[in-house]
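Presented below is the structure to which this report refers.
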């Protein structure tokens, strides 16, 4: 039993040691602002198509269909 406890303690210490050397990669987040798409017409039902249109036609970083009263609209996310 003592040998088993020693092995478990060694494994735990090794994991703590490896975790201490793990360097977290921090990328400064770029704040994105919402902007209704200027090129989308009608109700937005396909977020992937909205995303592609925002990126390719409007130079946005991202796009998705969001509910904005009274319907779903294509919203582009651009750097603030």
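Including glycine, each Cβ sits where the backbone N, Cα and C put it.
Since we're looking at a predicted model, the values are computed, not measured.
Per Swiss-Prot, these features apply:
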- 33-80: disulfide bond (DISULFID)
- 44-65: disulfide bond (DISULFID)
- 50-74: disulfide bond (DISULFID)
- 54-76: disulfide bond (DISULFID)
- 30: pyrrolidone carboxylic acid (MOD_RES)
- 1-29: signal peptide (SIGNAL)
| message | I'd like to know which of these disulfide-bonded residues, 44, 54, 76, is least surrounded, judged by other CB atoms within 10 A. | response | 44
| message | To the nearest Å, how far is the Cα of residue 76 (disulfide bond) from the Cα of residue 50 (disulfide bond)? | response | 8
| query | Can you tell me how far the Cα of residue 50 (disulfide bond) sits from the Cα of residue 80 (disulfide bond), in Å? | reply | 20
| remark: Here the 10 Å Cβ neighbour count for residue 74 (disulfide bond) comes out at 27
| said: If you measure from the CA of residue 74 (disulfide bond) out to 10 Å, which recorded positions from the list 30, 33, 65, 80 are inside that radius? | reply: 65
| query | At the Cα level, what's the spacing in Å between residue 44 (disulfide bond) and residue 54 (disulfide bond), rounded? | reply | 12
| query | Which state, by DSSP, holds residue 54 (disulfide bond): helix, strand or coil? | reply | helix
| request: Please report the number of other Cβ atoms within 10 Å of the Cβ of residue 80 (disulfide bond). | output: 9
| disulfide-bonded residues near the residue listed as 'pyrrolidone carboxylic acid', in sequence order, restricted to 54, 65, 80 and a 10 Å Cα cut-off | 80
